[in-house]
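Engineer: Right, I'll just put the structure down here and ask away after.
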Amino acid sequence: MDQSGEIQSTEPVVSEAISDVSHRKKLSIHFAESDQRRFPWAIGGQYVAGGTTPVTIRGKPIEDLSKTGGWVAAFFIFGNEMAERMAYFGLSVNMVAFMFYVMHRPFTSSANTVNTFLGISQASSVLGGFLADAYLGRYWTIAIFTTIYLLGLMGITLCATMPIFMPDQSNCDKLATLLGTCAPAKSWQMLYLNTVLYIAAFGAAGIRPCVSSFGADQFDENSPHYKSHLDRFFNFFYLSVTIGAIIAFTMVAYIQIKHGWGSAFGSLALAMGISNAIFFVGTPLYRHRLPGGSPLTRVAQVLVAAFRKRNIPFSCSELIGLYEVPGKRSVIKGSGKIEHTDDFRCLDKAALQLKEDGPVPSPWRLCTVTQVEEVKILLKLLPIPACTIMLSLILTEYLTLSVQQAYTMNTHMGLLKLPVTCMPVFPGLSIFFILTFYYTTFAPLARRLTGHPHGASQLQRVGLGLALSVLSVAWAGGFERYRRNYANDHGFEALFLSPMPNLSAYWLLIQYVLIGVAEVFCIVGLLEFLYQEAPDAMRSVGSAYAAVAGGLGCFFATILNNIINGITGNEIEGKQPWLSQNINSGRFDYFYWLLTVLGIINFFVFLFFAKRYKYRVRNTS
């Protein structure tokens, strides 16, 4: 093995001949294992137990596990995630209004810019996952990118504080803003804002795939309570995400109203700075996993080796067997051996050991079974997070469309008037209550119905979340039709930013609660599913699948909006598009029902793949 941690072929192991292919029997592998053989690249000259033994920050085995990890270490990590989510949601909600009211950008352009920010911050998470699994480890990846995130937030704060970074605000009242006659931002001002915004997005991208996996790393895989601890960890993890979102939708909005944009964005930077300090304070408590070398190189080696041997039949007379190193441990740092499966048999050709391969074959011609199975697992996982793209698309649309709905409605709650930008807090509140009562209410009830020890399997929870998201957007379409008709019947068609006093915005709570519950079941189930099913040395990349799906949802939301506006609107004829800036003349209801149809199709696609998915069987020998 070289310094980068990549697999270098070792002395071949002869397995029994593969059964005659005409009998269509399962490929069998019988390894000539030897526990006496040790390799120099393993810690201390020996194998890592199970391939996943936790180590200190210096890469040395932890002598007393009771003094590290566990819930105490996890709570330090929760604090970092809470602040990151607070900044993420604080920017996603307030940046649209900041660009519209302060930078004098059109509403649609502002929303698309923020959607792009959200998409980049999630879709590029695969970079953070790659760096963590390949070279840096999860701790150092979080440490580096959380600092980058903080720099981006500080830059945004400067933009909202110093007049030089903002266009002229004189002669720009509410009417001028609506008519678009305010002085536009200079090109260099928008360049600066976009630069610091995407620096923050880049920082978030590095953190997101690592935090949940790093927190789950703090629990002992050999403990009899490991699965229950993992289940509770992911629920508490998402609870910290929710608390961060609630703070962003309430306290940050309050700070903006009372003290201005600079103070609002400054509070996000301050929270991130404090959370960074807390994260570093917990350093002596953390358990670490060794990075296993570049997963992309290992994947490429399998694909190249399989292609080079694509014409060699499994019954070839030159075939020795399927290649694997001796002993019970894998040569990939941070990974145990993976049992052979019959999925994607074409990839098995990368592990076909022929006599011509020689005693020291090239890793680009011959790969171990474990290495091949890593690629198979990554391929088998893909359809599940891909089906959650639709949920992310709906959530992204809600961030902008539901706020536009709320602007036309009465947001008073008794004597209290809730700011419109605070409306997205309600999905967060529903998530908070669901997670709080999950183990006392839902889990026991679900256990009685399903017999599953955790109430429902990971894929069942993902499916339930997708189904609830469809119900949410269907209700949203029905209510929007009622709201639009009410506005037009009562003379509010042109007054799309004037609240209708007799129509309460709290009718939106139904769609908010449904999408909040959907998010709990779908995202928490997905994170737990990806962590447990991903290869040991690719767990950050596995977690990045969820973030990439979220990012693609944001991008697809922007693309879908542009397509719908292009198809349904006609400026020459004076025809308003469905997503018109004037919500009362647009057809948001048609758009919600389009999302409902797409959601139903996506749900049945998910059922197709979920029914065929086989959970990974771990080698405990």
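Positions of Cβ are set from backbone N, Cα and C atoms, glycine also.
Straight from TrEMBL, here's the annotation block:
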| type | residues | note |
| --- | --- | --- |
| TRANSMEM | 86-104 | transmembrane segment |
| TRANSMEM | 116-136 | transmembrane segment |
| TRANSMEM | 148-166 | transmembrane segment |
| TRANSMEM | 196-216 | transmembrane segment |
| TRANSMEM | 236-257 | transmembrane segment |
| TRANSMEM | 263-286 | transmembrane segment |
| TRANSMEM | 377-398 | transmembrane segment |
| TRANSMEM | 418-441 | transmembrane segment |
| TRANSMEM | 462-479 | transmembrane segment |
| TRANSMEM | 505-531 | transmembrane segment |
| TRANSMEM | 543-564 | transmembrane segment |
| TRANSMEM | 590-610 | transmembrane segment |
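Just tell me what is around each of these and how deep it sits.
Structural biologist: Within its own chain, the transmembrane segment (236-257) has Cβ neighbours under 8 Å at 74, 78-79, 81-90, 93-94, 211-212, 215, 263-264, 267-268, 271, 419, 421-425, 428-429, 431-432, 435-436, 520, 523-524, 527, counting only residues six or more beyond its boundaries.
For the transmembrane segment (418-441), the residues of the chain that approach it from at least six positions outside its boundaries are 89, 93-94, 97, 232, 235-236, 238-239, 242-243, 245-246, 249-250, 253-254, 256-257, 398-399, 402-403, 406-407, 411-412, 505, 508-509, 512-513, 515-517, 519-520, 524, judged by C-beta separation under 8 angstroms.
If one looks beyond the transmembrane segment (462-479) by at least 6 residues along the same chain, the residues whose Cβ comes under 8 Å of a Cβ in the stretch are 384, 387-388, 390-391, 394, 398, 402, 456, 507-508, 510-511, 514-515, 517-523, 525-526, 529, 589-593, 595-596, 599-600, 602-603, 606-607, 610.
Distant neighbours of the transmembrane segment (543-564): 108, 111-112, 115-116, 118-126, 128-130, 205, 208-210, 212-213, 381-382, 385-386, 388-397, 523, 526-527, 530-531, 534, 577-579, 591, 594; these residues of the same chain sit at least 6 beyond its ends, with a Cβ under 8 Å from one of its Cβ atoms.
Away from its own ends, the transmembrane segment (590-610) comes close to residues 383-384, 387, 389-390, 393-394, 397, 401, 459, 462-463, 466-467, 469-470, 473-474, 476-477, 480, 564, 568, 578-579 of its chain (Cβ-Cβ under 8 Å, at least six residues beyond either end).
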Engineer: Would you confirm whether the transmembrane segment (377-398) and the transmembrane segment (505-531) meet the contact rule of 3 or more C-beta pairs below 8 angstroms, pairs 6 or more apart in sequence?
Structural biologist: yes
Engineer: Do the transmembrane segment (86-104) and the transmembrane segment (263-286) come together with 3 or more C-beta pairs under 8 Å, pairs six or more apart in sequence?
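Structural biologist: Answer yes: the transmembrane segment (86-104) meets the transmembrane segment (263-286) with 3 or more Cβ pairs below 8 Å.
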Engineer: Going along the chain, which residues at least six beyond the ends of the transmembrane segment (116-136) come within the CB cut-off of under 8 Å?
Structural biologist: 4-5, 88, 91-92, 95, 144-145, 197-198, 200-202, 204-210, 213, 291-296, 334, 392, 396, 537-544, 547-555, 558
Engineer: Cβ under 8 Å to the transmembrane segment (263-286), counting only same-chain residues 6 or more beyond its ends: which ones?
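Structural biologist: For the transmembrane segment (263-286), the list is 57, 68-69, 72-73, 76-77, 79-80, 82-84, 86-87, 90-91, 94, 139, 142-143, 146-147, 149-150, 153-154, 156-157, 159-161, 214, 218, 247-248, 251-253, 255-256.
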